[in-house]
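Engineer: Sharing the feature lines straight out of TrEMBL:
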- 1-49: region 'Disordered' (REGION)
- 25-34: compositional bias 'Basic and acidic residues' (COMPBIAS)
- 66-88: transmembrane segment (TRANSMEM)
- 100-122: transmembrane segment (TRANSMEM)
- 129-151: transmembrane segment (TRANSMEM)
- 157-175: transmembrane segment (TRANSMEM)
- 204-230: transmembrane segment (TRANSMEM)
Amino acid sequence: MGLWSSRKPDDEVDNGDAESSHGPGTRDHDDERTSLLPPPGAGHRLDPDDPAVTPYNLLSVRSLRWVSIVLLAVSSLWWILLLISIFVTPPAMHSRGSGFFSFAYTTLSTGSLVVLLLFYVTPSRSEQYSWITLCTLLLVDTIIVLSVPRIRGEEGWVGIVSVVGATLVSAWAVLCDRVVEYGKVEEEERLTGRRETRRSLKEWLSVFTVTITLIAFIALTVLFTGNLIIRARDLSLTPPGTRY
């Protein structure tokens with residue numbers, strides 16, 4: 001190389017590159033508020049399929065599940081008692097109705113709690129809308145039973161307790177589904193860093209099964225509502241003939 005050449009030696013070029021790579025230009029966006037340490041847990045994110053990523057980590061989700069189990073036990077005992085009362089009437093449970101009215105609504109309540117517990121950790125929009133629809137129909141049934149004196153007298157306190165219980169169970173299912181959904185999102189964001197939008201095949205099968213089951217429950221409730229409307233209409237008619 002010539003004496004007056006402008007080319008730098010290799011050592012100087014390497015040193016210049018090292019200085020430029022560590023110079024202030026690489027930290028143009030850093031200021032006095034920039035953290036020198038990475039955020040805690042940034043390097044310990046879990047996989048979304050990890051069993052530790054579950055809404056059961058939250059106390060509220062576990063508490064609602066245990067309350068649902070207690071409600072299922074109470075509903076099952078009431079269902080057994082009503083099944084026995086169809087053949088042998090226990091004391092203070094006599095009603096002028098057939099007994100199948102209260103038994104049908106208790107069966108619906110027990111089935112709803114079973115479905116809620118079986119698919120507790122796989123909430124979905126279709127499930128929530130189905131629960132809300134079912135709760136609305138049962139609320140209409142409750143209003144009809146309580147507002148028509150003849151139906152209220154025929155079914156007695158047993159029928160009233162059964163239809164009100166079915167309405168409360170469906171409202172409880174709506175609450176549980178919402179809480180589990182929020183808890184699932186919270187745990188995914190806390191443990192994986194983002195909300196998981198995909199579902200596994202098992203979760204899709206669960207969502208499909210619970211949606212079909214709830215649609216069947218809604219269809220049965222529509223029949224119950226139609227029956228109550230027809231009964232209320234018949235009871236409002238004046239019998240033919242003249243009473244002397």
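Just so you know, glycine gets a Cβ as well, placed from its N, Cα and C.
Note: TrEMBL annotation is automatic and uncurated.
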Engineer: Which residues of the chain, 6 or more past the ends of the transmembrane segment (129-151), have a CB below 8 A from one of its CBs?
Structural biologist: 105, 112, 159-160, 163-164, 166-167, 170-171, 173-174, 177, 210-211, 214-215, 217-218, 221-222, 224-225, 228-229, 231-232, 235
Engineer: Report, as numbers and ranges, every residue of the chain located at least six residues beyond the transmembrane segment (204-230) whose Cβ falls under 8 Å of a Cβ in that stretch; write 'none' if there are none.
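Structural biologist: Residues 104-105, 108, 111-112, 115, 118-119, 122, 124, 126-127, 130-131, 133-134, 137-138, 140-141, 144-145, 151.
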Engineer: What residues elsewhere in the chain lie close to the transmembrane segment (66-88), defined as a C-beta under 8 angstroms and at least 6 residues from its ends?
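Structural biologist: Apart from its flanks, the transmembrane segment (66-88) reaches 99-100, 102-103, 106-107, 109-110, 113-114, 116-117, 120, 158, 162, 165, 169, 172, 176.
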